[in-house]
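Student: Structure in C-alpha cells, see below.
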Amino acid sequence: MIAARAANLQVAMKALALAVLALAYAAATARAEQCGRQAGGARCPNRLCCSRWGWCGLTDDYCKGGCQSQCRVSRDGGDDDVAAVLLTAPGGGRAGVASVVTSDQFERMLPHRDDAACPARGFYAYRAFVAAAGAFPAFAATGDADTRKREVAAFLAQTSHATSGGPYSWGYCYKEVKGATSDFCVPNARWPCAPGKAYHARGPMQIAYNYNYGAAGEAIGADLLGNPELVATDPTVAFKTALWLWMTARSPSQPSPHAVVTGQWTPTPADSAAGRAPGYGLTTNILTGGLQCAGGNGGADRVAFYKRYCDVLGVGYGPNLDCFGQAPFDGGIMSASAAK
C-alpha cells in the first residue's frame with residue numbers, strides 16, 4: 001500500500017506544483033519582521049521566542065543565540081512544556097491552536113505518522129505544529145469555536161492527503177518526494193535558484209519550485225532558497241511553509257483557504273456562475289488548481305480525511321464539501337487526468 005501511495009504522491013506533486021504557480025504574485029505581500037527591536041519592541045503571540053533577527057518561533061534558532069524576549073522554551077521541550085509555557089493565555093487557559101486541538105486529538109487524527117513504514121516518522125510533532133501556528137495569529141483564531149475547529153480539520157485534512165501513506169489514518173507519512181526527476185528550478189529574477197539546490201516538494205503542503213520557497217522563506221524569516229532542505233529537517237519550518245500556503249491569497253480574485261473556511265470570502269457573480277461556493281470543497285479547488293473538480297472526483301479522499309478530523313474535534317462538516325463541477329479560478333482545467 002505504501003509503494004502505491006508513493007507512486008500516486010509523485011503524480012499529485014506535479015499537480016500541486018502547477019496549482020501553486022500563482023503564488024509568485026503573493027511574494028510582494030510578504031510580511032516585515034514580527035518582534036523585538038525590528039518591530040518597535042513587539043512581543044511574539046502565544047509566547048513564542050523572538051529571535052535576534054526579529055522573527056517568532058520555537059526552535060533553538062529563535063530561543064537561543066541572541067533571543068530578544070520570551071526565551072524560555074525551545075524545540076527540545078516536550079508537549080507538556082509547550083502547554084505550560086508557550087500556550088498559556090492571560091486567563092490561565094490555553095491559547096492559539098492548542099485551544100482548538102489538543103495533543104491527544106492530534107495523536108488520534110494521525111496515529112500512524114510515526115509508523116516504521118513512514119519515511120517521516122518522528123518528524124511531524126504536535127509542538128512543532130503549535131509553534132508554527134503561533135507565527136500566523138489568525139489561524140485557528142478566526143470566527144466562533146466551530147469555525148476554528150473546522151479550519152484546523154480542513155488544514156490537517158488537506159496536508160494529510162498530500163503526505164498520506166493510505167486512507168484515512170495515515171496522514172503525515174511523507175515529508176518530501178523521493179527520487180524527484182527535476183530540481184524544480186525555473187528562471188525567476190526575484191527568487192533565483194541557489195547553485196546545487198533542489199526545490200522539489202517538501203513539507204505538509206509539499207511546497208515546490210524556487211519562487212515558492214523564496215517567497216515563503218521571506219515571509220517566515222528563513223533562507224529557503226539557500227537552504228530548501230530546512231523544510232524536510234526542521235518540523236517547525238515545515239509547518240510554517242504549509243501555513244503560509246494556507247493563509248496566503250493567490251491573487252486579488254482568488255482567496256486563501258483560510259479566508260474560505262472562516263467565512264471571510266463571498267463569491268462574486270462570476271464565482272457563482274463557475275460553481276464556486278463557500279465550503280471545504282473550495283479549498284481543494286484552490287490547492288489543486290481545479291484538477292479534482294471539473295472532471296475529477298471532487299476530492300473524495302480529501303473529504304474523507306476532513307470528515308474524520310471533524311468527528312475527532314466534535315464539529316459539523318459545514319456545506320459544499322467536495323468541489324465537483326467547480327471551475328478553477330484561472331478559468332481552465334489544467335489536467336483532470338492528473339487528479340487522484
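Note: Cβ is positioned from N, Cα and C throughout, glycine not excepted.
Worth saying up front: this structure is predicted, and the values here are computed from it rather than measured.
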Student: Taking Swiss-Prot as the reference, Cys193 is linked by a disulphide to which residue in Cys173, Cys185?
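Tutor: Between Cys193 and the options Cys173, Cys185, Swiss-Prot records the bond with Cys185.
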Student: With reference to Swiss-Prot, which of the candidate residues Cys67, Cys71, Cys173 participates in the disulphide bond with Cys118?
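Tutor: As annotated by Swiss-Prot, the paired cysteine is Cys173.
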Student: Swiss-Prot annotation: Cys35 disulfide-bonded to which of Cys50, Cys63?
Tutor: Cys50
Student: Within a 10 Å radius of its Cβ, which of these disulfide-bonded residues (Cys44, Cys49, Cys56, Cys63, Cys293) has the fewest neighbouring Cβ atoms?
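Tutor: If we count Cβ atoms within 10 Å for the disulfide-bonded residues Cys44, Cys49, Cys56, Cys63, Cys293, the smallest count is at Cys63.
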Student: Cα within 10 Å of Cys67 (disulfide bond): which of the disulfide-bonded residues Cys44, Cys118, Cys173, Cys185, Cys293, Cys323 qualify?
Tutor: none
Student: Nearest to Cys185 (disulfide bond) in three-dimensional space, by Cα, is which of the disulfide-bonded residues Cys35, Cys44, Cys56, Cys63?
Tutor: Cys56
Student: If you count, for each of the disulfide-bonded residues Cys50, Cys173, the other Cβ atoms lying within 10 Å of its Cβ, which residue has the minimum?
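Tutor: Counting other Cβ atoms within 10 Å of each of the disulfide-bonded residues Cys50, Cys173, the minimum falls on Cys173.
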Student: Run through Cys44, Cys71, Cys118, Cys193, Cys323 for me and report the disulfide-bonded residues whose CA is within 10 Å of the CA of Cys50 (disulfide bond), in sequence order.
Tutor: Cys44, Cys71
Student: Hey, what's the Cβ neighbour count for Cys118 (disulfide bond) at 10 Å?
Tutor: 23
Student: Check the domain 'Chitin-binding type-1' (33-73) for me and report the mean pLDDT.
Tutor: 80
